[in-house]
Each structure stands twice: as C-alpha cells, then as structure tokens.
Amino acid sequence: MAPPSEETPLIPQRSCSLSSSEAGALHVLLPPRGPGPPQRLSFSFGDYLAEDLCVRAAKACGILPVYHSLFALATEDFSCWFPPSHIFCIEDVDTQVLVYRLRFYFPDWFGLETCHRFGLRKDLTSAILDLHVLEHLFAQHRSDLVSGRLPVGLSMKEQGEFLSLAVLDLAQMAREQAQRPGELLKTVSYKACLPPSLRDVIQGQNFVTRRRIRRTVVLALRRVVACQADRYALMAKYILDLERLHPAATTETFRVGLPGAQEEPGLLRVAGDNGISWSSGDQELFQTFCDFPEIVDVSIKQAPRVGPAGEHRLVTVTRMDGHILEAEFPGLPEALSFVALVDGYFRLICDSRHYFCKEVAPPRLLEEEAELCHGPITLDFAIHKLKAAGSLPGTYILRRSPQDYDSFLLTACVQTPLGPDYKGCLIRQDPSGAFSLVGLSQPHRSLRELLAACWNSGLRVDGAALNLTSCCAPRPKEKSNLIVVRRGCTPAPAPGCSPSCCALTQLSFHTIPTDSLEWHENLGHGSFTKIFRGRRREVVDGETHDSEVLLKVMDSRHRNCMESFLEAASLMSQVSYPHLVLLHGVCMAGDSIMVQEFVYLGAIDMYLRKRGHLVSASWKLQVTKQLAYALNYLEDKGLPHGNVSARKVLLAREGGDGNPPFIKLSDPGVSPTVLSLEMLTDRIPWVAPECLQEAQTLCLEADKWGFGATTWEVFSGGPAHITSLEPAKKLKFYEDQGQLPALKWTELAGLITQCMAYDPGRRPSFRAILRDLNGLITSDYELLSDPTPGIPSPRDELCGGAQLYACQDPAIFEERHLKYISLLGKGNFGSVELCRYDPLGDNTGPLVAVKQLQHSGPDQQRDFQREIQILKALHSDFIVKYRGVSYGPGRQSLRLVMEYLPSGCLRDFLQRHRARLHTDRLLLFAWQICKGMEYLGARRCVHRDLAARNILVESEAHVKIADFGLAKLLPLGKDYYVVREPGQSPIFWYAPESLSDNIFSRQSDVWSFGVVLYELFTYCDKSCSPSAEFLRMMGPEREGPPLCRLLELLAEGRRLPPPPTCPTEVQELMQLCWAPSPHDRPAFGTLSPQLDALWRGRPG
C-alpha cells in the first residue's frame, strides 16, 4: 500500500462493508490507491448534502474545484447515483455506505486532439483532467477490474490484453515505490492485478504453464520499466487500454418502461461522446436520440399509473427540433439518477450555469446564482471578461477559487497612472460560514454583505484604490475552462448580437413569381405593411399545388426600411421550427411582398380580447412555453428576433379534445436598430430599454425583455396601461426603471421580473425560462384551469404529437398527412420536396424534406430501399438525419422522409455568400465533411456521389452529407466492390479506377473528397467547376466520349488547377487525394486531424 500522504483522510479507517455493525454512521469510500482495502471518510449523526460530501472527499483526494463536477456519489453496488442536492439523513440505527467516483467520462481523455477544456486561444487549451484526477481514475478503473465488477471474456486474445494491463499496473507500482521489478514481485503477485475469473483460470493451469506465464510477465515488466515513460503515462495507457476493451464502462444504461403500457422494458444509454441513445426491449442495437447540445429541457413527473406502481416517475427530454423522449422509471431515485447524469454532462459541455430542474440542481451553483458569483474560472477568463466589459474602473468579478474549496476571489479593474489594471483579493469562508477579507474590520454573514462593505471602505490593493462600482455577473453559455470541447461533435453556435452581424441574416430567400399569387381580401395594416389574404399556385410535373398564404406588402412610404424588411424575410427563410411561421419566399415585382403561410386564428392578443376570462391559466402557460421554445431555438442559432409581442404570436390551433393550443411566432418585421426614437417609444413596454439608447446592434437579451412583456400581456388579457401614456411618460417609465404591475401568481411574476431586468446581463436564458415554466406547469397552477370533471386536460406537448418514446420507433409517416409546400430539388433519378407532416390538419406539424423516385421500376425501388436502409443506420452530426418513410396505397410507392435544412446545398450556399466565407470557414466545412466520410468508412459505406451539391448546410458553421442514392455497403472481407450497372455517373468527381473498371472503395471516395476541396476553395464558381475545367482541358475539338478523354487526361497526370486563394497545405492534400493508385491516397482518418490542425491554426 502507498505510504500515508497529505491526501490520506484524517478520519480513522474502519470497516468498509455494507454489513458493518456500526450504527448511526455514513461512510464514503474512496478508490484504493493500491492493493488493499479502499480509504473512506466517516460521518456521524446528522443531515449531509451529497455535494458537501463530494467536496469533503475531493479535499481528501486532492481533487481541485475545477474538476469537482466530474465526480458524484453512488451506492456501493453502483445501482443508483445521487444528485448533488440529495440529503442523507443519518439516524441512530442507520448505516449507509457510499462510493465517491468519477461519473462523467469523455473519449480519449489525454492530450488535446479529441477533447479538451476551452481556452481563450487555440494554443491555451488544457486537458480535461490533471494528475490527481488521473490517479483517481486509474485507481477507480483498477479497482473495477481486479474486483470482478467488469464482465470480462477469457479468449486467448483477451487473456493477453489483461496480462498487458497487469504489466502496466505493476510498472506504475515500481515507479511509485522506486523498486526494481524483481523486488516488487517479491511482495506483489501479478495475479493480484488480474480480474478474478482470469486468476482462477491461471490457478487451474499446471505448474509449467503458470511458470511460463509468470516469466512472460516478468520479461514484459522489465521492458516497460526500462522505457522512459513516467508513472502517469503508464496510468494513462492503462486507462485508455481498459476503456478500449470495455467501452461500456464509460457509459450508463437505464432500464425504463413505455408510459401507459405493460411491455418489455426499454433501455436508455447516456455517453459523454454522443448523448442519449435508446433501444426497445433488451436489444443492444441503440438508436441515437440526441446529443447534449440538442436538449432544450428535461422534466420529471409522476407517471400516470394507479395502484402499487404509484412511485413510478415519467422523465421527458425535449430536443431542439421538438421531438420528445418519454421514459418511465420505477421510482424517483432512478429518475433523479438519470436526470442528474444528463444535467451534469450538459453543464460540462454546453453551459456551466444551467440546470434542467431544481430537483438535481447543485447547491453550490444555486449559491453562486444568488451571489452573482462565477464558478472556479481561471484569472485569464476573469480578466478577459472585464476587458470585454470595457475595462471600466470599479467593475469586478466574483469567482470561486480554482485551488481551494473554501475561498473566493475578487478580481477588479482599477485605475493606475499607466492605465487600467486588474487586481485580486482573496475572500475566505470559515467553518461557521462567515466571509472575511483582509482590510475589512470584521467578517460578514454573506458575500453580498461583504461586497457591500467594500464599496466605500477605502480598500487598497498593491497601492491602488479599490472602489467597486458594478459587478460583471455570470452569463448563460459563457465559455471558460469549465467547458469541455469535444472534437468531432456539432459546434456550438456563437452568441448572436445583431441581425446585421449574424450569418443567417444575409439576404437569401426564395423568389416567388407574381403570376403564381392570387390576391384576396385585405386583413389590415402593420406598422410598415399592408396585409392581404391570398393563394399561391405552383405547377410541378403537370400537377397543381395550392397553398393559402398571407401577403405582406411593404408600404412605399417606408422605402428607407426596405433592407431591414428583406433581412427579416431572409432570416425566416433560413430557419425551420414548428413554432415559427413558414416563409414561402418574397415577390419582388414592384413592391416587396413577403409570402408567408396563413395562420387561421390570427394574433393571440386579438384572440384573448375576444375570449377574455374563458381562457384558462393552464392554456396560457402552454402558449407561453411554446413561445419560449421558439425563442430558445433562435437563441441557440444566435439570431435575435427583436420584435416579440402578443401581436406577433399567431394561434394555429385553439386546443381542446385532449390537444393543446399551438402558436407560431411571426417574422420580426423592421428591426429596432433602424427605427426612430419616436417609433421605438411607441413599442414600449415590449422593446428592451437598451434598444432606445441609439444602439446599432440588437442582442439576444432584448428578446428576453420582449418575452417578459408578452407573458405579462397574455396573463393580463391585454396590453399594459403604459401603452396608452404619452411618449414622454413612457420614456420616464424606463428612466425610472419602472416595472409592470405584478401578477397575482408569485412565481410567474418573479419570472417576468427576471426577464425584464434593466441590466441585460441579469436576464435568464430561454432554457432557464423553460425550466421555470416547467415548474409552474407541473405544479398546482394546473388547478387554475378548472377542467371539466371526467375530461382529460390537454397534454403539454411541444409540436402537437411529435413525441418519441423510449420504446417506440416513429418512422412511419402517413402519406395523406404530408402536405406539399415547395420543390427543393430535382435530379435524374428523383425529386425532393418540402412538406409539412400535419396529422391534425391545422398546419402545426413539423417541416420535413421528402424524397421520391421519378421512375419506380423494380430495380429503382430496390435501390431506393437500400438507400433508406443505409441512411436509417447512420447517426452522425455530419450526416443528414433520417426521419422515416411514407408508403402509398398498397405500399406501391415509397418516399423517404428526412430532416429539412432550409439553407440548402453547399454549392448554392457558397455561391450566395462567397464574400463573407473566409478560409477558416471553408476549412471547418472541409473537416466536417471529412469527419462524416470517416464515419461512413468505419461502417463500410462508400458514398459514390460526394460533391458540394450533395452537402447540405444546417448553419453558418455546420454542414451535413446527404444523398445516398448511389451509396453501397462493402461486402465483408472486401475493401472494394464492382458496380455491374453503373448508369449515369458524376464522372468528373470519380477516381480513375471507377471510370475504367467501375471499382468503388473508400479510396475512391477520397478522390471525390479532393474534388470537393477544390469546389470549396473555388466557391463552386460555375466558370471553373470540375466539369468546366476538364472540358476546357479536352479542347473544343475533342474526339470520342468524354469519359475516355477524361481517363486519358488523368493518365497523363493532368489534374484540376489549384484555386487562386487556396492555402498551399490544402493544395497538397488535394494532390494526395488524387494519387493515381488508390493505395497511395490518405485515409479519411488521416486527413481529418490534418484539416483540424489547419483550421485550428487559422486566425479567428
């Protein structure tokens, strides 16, 4: 056993078994540091928070506060984990044994290539864990293996792997104890480092075999000890090898049930590298539901059961596109264990300030929230934030110490003769909970009181006066060293600040011809528009499609606002969400006309005026929550709306008969950034106060203010009295930081007050707003709706039936509910249409892309079914998502249903936005496409049609591979296949062996990827496209078929020319991809880190 150190617990160690006879005690076991029993901390009678116990254990193990969030407490058999907020009550006869373990895992912990902690610059990133955590993780893994907790196989190969792990274990012991291998093996048996089942196998061998195995271990141990690797490198190797052998050890699986049914239980699996997956029954084939950044909210409710099963809990996870996963857990502890796991991963990956529900919220985080205190961020991030705030003297940041659990750090900006400087003060918290700061005469009961005492205390730090004036409070989604960046996962969108600065708001929309529009009655006027009801008619393949539309005509008197009006149209045309109004396009004939879907019940403010007291509080809560979902979607995209009010919220479905109401947020219209002060004053109280201060930028926080005012309007049944005041009195209301009258529901009034905080930095994120609304919906606020006895209240659904249960596959779309909207694309083999799947017939269903064949012969149907099966099996951030299929009558026809990405294909996107897409963005796209192709290759899938036209754009920073019509799966045991019926092919993207012999492989896809790189860096300019360049090389008097001439050119070594602005390193990669021999081309797994390194090395 290792000698005592400063990490050894101060409490004496006694029994560590659940069967301990000691009464009235709680024991927290720590992983053993070597052979022997585990260390433990013991606590006597009283109440203990799980998070406080974790802090005590972290201090004993030397775990710093930065890494505290990786750990949690579990029962001794690991059947249940406890959220940080759990309270353990120890009474006279109780004895509880807990285990302190690292719960949150990430792929390839070590180094910076796969995952790392966020840094201000790409060269300032740091590893996820430090040496103390590494040591703890090693002890945890080693204990699991040698105790028999991990299931192990006993094939000859696996026996060799475990013997290798034993050698690494012995080598690190030799390093720690400074012993030679021979000396170590006199006191420690190599079999003590093996799983029990393998120990038994070896013990059952004859003497000669046991001696041979021991000699092999000794020789291997001498070789390892002779190398230069230190103890920590040996530990890291041990951990990586064990996680490679047992990847399930880094995931957690939960057995769940389908609500309202008595079927076989399903399985939920949570993993740090890909989020939540599910499987029906006991099948081990898991389907991905969502990654952590896609989660919008999580809620826990009592399951709708009666009788003995009343303890069951229903957990609902809502993802960004509106689909939900509902899973029924046998009890509250299991449900909280699952939610705490998802909650913890979300904080580590997405937002260190967020928690999904109060039942699992870490108490230390709640304390930080109340005190406007940051977590244990480093000094670099604190100074960076003060600089971003303008480096104003007196601004300060309060943060937890990254080194000490009982200390806080005050970092403030002070004025010196040389300019602004940054000084720090240490705040200590004593065991009684009092806070003290050197220079203050007495301790204070809270941080808030201590800081108030600092404001006019005359404190000096290093000779500089410390006069605090304003606090830089924590903000949602702030990037810091507390965030883990996972390479190869969907990039988080950057915070949006202004439509003019936002990527998606570049003018880009579908143009609608005048003769396709039919005008009906006038519906009134907007601030800048005349509004008409109308009809849009489109003819596709001789078939006429009619859609009822709303026509917004820009008033000619407001020509100066035309650009902002078109920016709003562009924004709405490039987003797709159930609770956002669909924009068909813009008609530019004479006046600018925005063509939108027609929402039948109109604006919700008018509806509330008509219905008055007949509208229940429960109905209003659901409407408010749906609005929050829409604004959360825009917030995640970094897109401010800027004009949130009840008149912009349209009611698509009234609700009733078990269905909830359904709203859609309309376009923002003209942005506040171009309006005069008089017009902005007219929008009080919906416009945020900062928008009146001649600001030329519109930030996301403005929408929180508008949401608060709209929520007040919805629950009050009409606009606030302030709307009828004179302009001067309205402005005075803002100058005095007035508040709207408080609603009678205290919690809702508090939420509105938070949203309408005059300091934009104090307003909550929409995820936090949704969390608080969930608390209202699942509380006694439902009683206010006064439902009729015997009639069930409407479900709290996001998208009107778009649910995904843990044990149910929602892959069949009824053809009659697919409503055609427009044609997205048409090729030689099929067409893709934009449709709305609308089973309720009220235009509330989700938008989807639907692919169907042009010709439906038996061969085409077979190939189409193969394409569907391939896409269905793929789950990657960089491949378009499969949604399901739709069958015609008698299953005579088949359609593929996919996610709809409104930004279109990469080819058109590059052509439209060439001026603002710089090299770093092109490299990001290239890396993402390469990662997607690497994923396909690992699944033996050859795409065969990789080109920019078949890459779809989800956002300014995210692309996905699509169109698997030509894709093939490689036969087992083969690295290529030969196409017998090649048909029409994109020859200018094909490798030589594909052109001459119809041979396709992962290497032929690499050739096509080289052509895609060429397309990226030429911005898909038609004048220098691959086909145009090769035809130019062939000359005007070319003889024979183009394919033969192309083969001759390639055999002569002719290749596409280097694009003018392409970096030399990318040109070299292109040439490697175009090597004549397939074996000389790099694999996607080799190209991916090279492109990643190029992208990370670019400025910005």
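The first residue you see is number 1, and the count goes up from there.
Cβ atoms here come from the backbone N, Cα and C positions, even for glycine.
Here Swiss-Prot flags D945 as active site, proton acceptor. Per Swiss-Prot, domain 'FERM' is recorded for 24-353. The domain 'Protein kinase 2' annotation in Swiss-Prot covers 818-1100. If you look up Swiss-Prot, you'll see S17 marked as phosphoserine, on the strength of a large-scale study or a structure entry. Residues annotated as phosphotyrosine in Swiss-Prot, with similarity to another entry given as evidence: Y781, Y900, Y935, Y976, Y977. Swiss-Prot lists 1-223 with the feature region 'Interaction with cytokine/interferon/growth hormone receptors'.
Shown here: features listed in Swiss-Prot, placed on the structure.
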| residue | record | DSSP (3 states) |
| --- | --- | --- |
| Y900 | phosphotyrosine | coil |
| Y935 | phosphotyrosine | helix |
| D945 | active site, proton acceptor | coil |
| Y976 | phosphotyrosine | strand |
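Counting other CB atoms no more than 10 Å from each candidate's CB, the modified residues Y935, Y977 peak at Y935.
Separation of the C-alpha atoms of Y976 (phosphotyrosine) and the residue listed as 'active site, proton acceptor': 15 Å, rounded to the nearest whole number. Its Cβ taken as reference, the residue listed as 'active site, proton acceptor' is surrounded by 20 other Cβ atoms within 10 Å in the chains shown. Cα-Cα distance from Y900 (phosphotyrosine) to D945 (active site, proton acceptor): 20 Å (rounded to the nearest whole number). If you average pLDDT over the domain 'Protein kinase 2' (818-1100) in this model, you get 89. Distance between Cα atoms for the residue listed as 'active site, proton acceptor' and Y977 (phosphotyrosine): 15 Å, as a whole number. For the modified residues given as Y900, Y976, the lowest number of other CB atoms within 10 Å of the residue's CB is seen at Y976. Distance from the CA of Y935 (phosphotyrosine) to the CA of Y977 (phosphotyrosine) is 19 Å.
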